[in-house]
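Enquirer: The following block contains the structure, expressed as structure tokens.
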Amino acid sequence: MGPTACVLVLALAILRATGQGQIPLGGDLAPQMLRELQETNAALQDVRELLRQQVKEITFLKNTVMECDACGMQPARTPGLSVRPVPLCAPGSCFPGVVCSETATGARCGPCPPGYTGNGSHCTDVNECNAHPCFPRVRCINTSPGFHCEACPPGFSGPTHEGVGLTFAKSNKQVCTDINECETGQHNCVPNSVCVNTRGSFQCGPCQPGFVGDQTSGCQRRGQHFCPDGSPSPCHEKANCVLERDGSRSCVCAVGWAGNGLLCGRDTDLDGFPDEKLRCSERQCRKDNCVTVPNSGQEDVDRDGIGDACDPDADGDGVPNEQDNCPLVRNPDQRNSDSDKWGDACDNCRSKKNDDQKDTDLDGRGDACDDDIDGDRIRNVADNCPRVPNFDQSDSDGDGVGDACDNCPQKDNPDQRDVDHDFVGDACDSDQDQDGDGHQDSRDNCPTVPNSAQQDSDHDGKGDACDDDDDNDGVPDSRDNCRLVPNPGQEDNDRDGVGDACQGDFDADKVIDKIDVCPENAEVTLTDFRAFQTVVLDPEGDAQIDPNWVVLNQGMEIVQTMNSDPGLAVGYTAFNGVDFEGTFHVNTATDDDYAGFIFGYQDSSSFYVVMWKQMEQTYWQANPFRAVAEPGIQLKAVKSSTGPGEQLRNALWHTGDTASQVRLLWKDPRNVGWKDKTSYRWFLQHRPQVGYIRVRFYEGPELVADSNVVLDTAMRGGRLGVFCFSQENIIWANLRYRCNDTIPEDYESHRLQRV
């Protein structure tokens with residue numbers, strides 16, 4: 001069939017479909033057939049035009065397809081027509097740095113760059129720090145992409161370390177090599193002593209063979225002893241020669257020995273008294289009346305030659321101490337009228353229960369039954385400071401609390417609420433302390449200069465730390481030969497550079513410099529913890545009970561008797577630089593928990609603590625988080641965002657850092673716990689002006705732990721005290737503190753090593 005026939009058939013089909021192909025029967029067929037043919041011809045013309053247009057479009061599409069390639073559409077060659085190519089790899093199709101390829105099925109993104117994971121179009125950073133690529137105790141910092149490790153910790157050396165990708169992080173760990181300080185000379189052991197290298201640090205041991213002494217006094221050839229100025233030492237071979245402020249020399253027995261310095265004998269319990277009597281007349285030459293239990297006051301109530309600390313019947317009344325309701329007062333009848341813990345013979349309120357036996361004014365009548373607790377001759381019911389003597393009863397803010405005991409004397413706050421135990425009421429506590437010395441700016445006599453002691457010798461309102469004329473005598477401190485004592489004439493008869501007005505007693509406090517623990521502060525003369533603040537660090541709940549503190553030896557010995565919640569006994573004296581030493585002894589074999597001491601105390605959320613655990617143990621209260629204590633000595637900086645409570649309690653128990661609570665500054669690498677009924681002597685040096693901290697522990701004459709230099713400035717000074725946590729029968733004996741702002745020689749070498 002030819003093209004014309006096909007077109008005719010197609011036209012007839014269309015006519016039938018439209019009803020135009022029907023020819024009625026009968027009638028005149030010629031005119032009608034002519035008319036039908038004309039209509040058919042017109043329809044064919046329409047079909048022909050339609051087909052011509054379709055052929056043209058098909059030709060155009062054919063040409064377009066033929067000129068298509070993999071890189072996009074080429075311009076059409078049909079005259080008068082053009083096509084703009086559409087790119088498949090448009091900007092942003094793939095992640096930056098990822099190769100985009102166009103395929104027959106569309107754009108395809110390559111793999112994500114190293115350090116990222118994803119499908120190429122969407123890539124996320126990989127945290128390589130999860131692979132622990134850094135050396136232990138070195139912080140890993142994740143970047144995008146990659147990671148880098150901070151510098152090797154003190155005591156180690158190594159190159160910087162960084163990389164990209166998990167594969168690299170897993171197979172390439174940071175390498176830090178231990179520095180042998182004993183070989184490099186970076187140690188601070190005294191000459192002629194043994195230096196023992198440890199991982200990341202070192203320890204100073206005893207004197208080498210042929211030498212005698214220790215790390216405090218130095219090691220000298222046997223038979224040769226010298227004072228720090230090079231002169232021959234007059235001291236016993238177990239004593240240190242000390243140069244006093246006035247240039248004189250004194251002798252102090254070394255740790256583990258006791259006596260007058262010219263003669264020294266073994267001191268097993270480190271309480272300052274020799275095991276056997278020495279041939280000297282001083283008190284410290286007497287035989288210790290408790291050889292194995294520290295009792296620096298040598299108390300002996302029944303005078304039987306056995307000290308109360310180790311006498312099973314201290315008062316000699318035939319009733320053992322454990323059963324005696326007056327263990328230090330004879331009372332064989334054990335009469336107890338008010339049925340409290342104390343027998344009538346020693347009860348300061350016989351007819352009223354008062355287990356604490358508190359007696360504020362020391363008049364022999366307990367506070368519980370004393371109608372004038374503070375002894376200011378104003379009865380308690382009318383006294384606006386019933387526990388603080390204030391004869392004038394002044395009350396500036398009219399809140400019913402006298403100025404003498406008001407923690408916000410200029411602001412009405414009758415409830416006296418003080419949640420952080422810093423003696424500043426919450427109503428006026430701003431917590432703004434720009435110099436970090438523990439005194440808020442509005443109460444700081446040197447708000448921009450750290451001076452925790454707040455010493456103000458001339459009482460002019462400006463602290464000595466920022467006053468260029470401390471004694472207000474008109475002579476600037478830089479030229480004043482008695483900086484703390486007014487002497488405008490600057491008399492100095494012996495021309496030794498020290499004015500006559502302060503010769504031998506620099507602060508004019510009537511205590512000679514040789515025995516004055518703070519010769520440049522008239523407010524502090526002797527070590528004394530008889531007045532102290534108790535701070536309970538877990539005040540809520542019933543996990544345990546609060547500590548029970550007993551002070552002996554005129555404030556130089558503290559005993560804690562109960563298995564208690566964490567607690568502090570804090571002295572009221574604040575220090576700038578200080579040396580703090582004491583003997584620590586657990587006088588029981590029934591427990592294995594924490595005991596220690598604190599320094600830099602500013603409030604119940606801010607202080608340093610040195611704490612010693614005997615055995616590893618998980619704290620029995622798992623809320624708010626699991627806390628695990630490891631054995632050994634730990635130095636921690638407490639900066640708690642919550643203050644006393646469960647969070648701080650568990651953070652103190654836990655060995656390690658706890659976010660927003662506690663930072664572990666140092667831990668004894670030996671992981672050795674304290675021994676039952678064994679005495680240890682500690683020595684602390686704290687110089688808050690530069691952040692210098694160093695603590696050492698001795699067992700007998702042997703140095704057993706040394707933190708070496710630790711630098712931290714979280715607390716720029718503060719108060720001292722002792723610490724316990726769930727441990728009973730702790731003795732802190734022979735306590736001594738001394739103001740000292742002199743920077744130790746090992747500070748600079750350690751600082752340079754860190755840099």
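Any Cβ shown, glycine's included, is placed from N, Cα and C.
The domain 'EGF-like 1' annotation in Swiss-Prot covers 85-124. Annotated N-linked glycosylation site per Swiss-Prot: ASN119, ASN740, in sequence order. Per Swiss-Prot, domain 'EGF-like 2' is recorded for 125-177, and the stated evidence type is sequence analysis. Per Swiss-Prot, domain 'EGF-like 3' is recorded for 178-220, and the stated evidence type is sequence analysis. Per Swiss-Prot, domain 'EGF-like 4' is recorded for 223-265. Marked as repeat 'TSP type-3 2' by Swiss-Prot: 299-334. According to Swiss-Prot, the repeat 'TSP type-3 4' annotation covers 358-393. Swiss-Prot lists 491-526 with the feature repeat 'TSP type-3 8'. Annotation source Swiss-Prot lists domain 'TSP C-terminal' at 530-744.
Walk me through where these features lie, including what they touch and how far apart they are.
Expert: Taking the domain 'EGF-like 1' (85-124) as a whole, pLDDT averages 86 in the prediction.
Around the Cβ of ASN119 (N-linked glycosylation site), the number of neighbouring Cβ atoms within 10 Å comes to 12.
Remote same-chain partners of the domain 'EGF-like 4' (223-265), defined as residues 6 or more beyond its termini with a Cβ less than 8 Å from a stretch Cβ, comprise 212-214, 216-217, 271-276, 278-280, 282, 284-285, 288, 498, 504, 506, 513-514, 519, 681, 698, 700-702.
Proximity of distant same-chain residues to the repeat 'TSP type-3 4' (358-393), defined by a Cβ-Cβ separation under 8 Å and at least 6 residues beyond the stretch ends, is recorded for 347-349, 351-352, 400-406.
Outside the repeat 'TSP type-3 8' (491-526), and at least 6 residues removed from its termini, the chain residues within Cβ reach (under 8 Å) are 244-246, 248, 250, 453, 455, 457, 480-482, 484-485, 573, 736-739.
Around the Cβ of ASN740 (N-linked glycosylation site), a 10 Å sphere holds 18 further Cβ atoms from the protein chains shown. When secondary structure is read from DSSP and collapsed to three states, ASN740 (N-linked glycosylation site) falls in the coil class.
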Enquirer: Could you tell me what the rest of the chain brings near the repeat 'TSP type-3 2' (299-334), counting residues at least six beyond its ends with Cβ under 8 Å?
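Expert: For the repeat 'TSP type-3 2' (299-334), the far contacts come to 288-290, 292-293, 341-347, 552-553, 587, 731.
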Enquirer: Using Cα coordinates, what distance in whole Å links ASN119 (N-linked glycosylation site) and ASN740 (N-linked glycosylation site)?
Expert: 65
Enquirer: With helix taken as DSSP H, G or I, strand as E or B and everything else coil, how many residues of the repeat 'TSP type-3 2' (299-334) land in each class?
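Expert: DSSP composition of the repeat 'TSP type-3 2' (299-334): 0 helix, 0 strand, 36 coil.
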Enquirer: I'd like the per-state residue tally for the domain 'EGF-like 3' (178-220) from DSSP, helix first, then strand, then coil.
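Expert: Helix, strand, coil within the domain 'EGF-like 3' (178-220): 4 helix, 21 strand, 18 coil.
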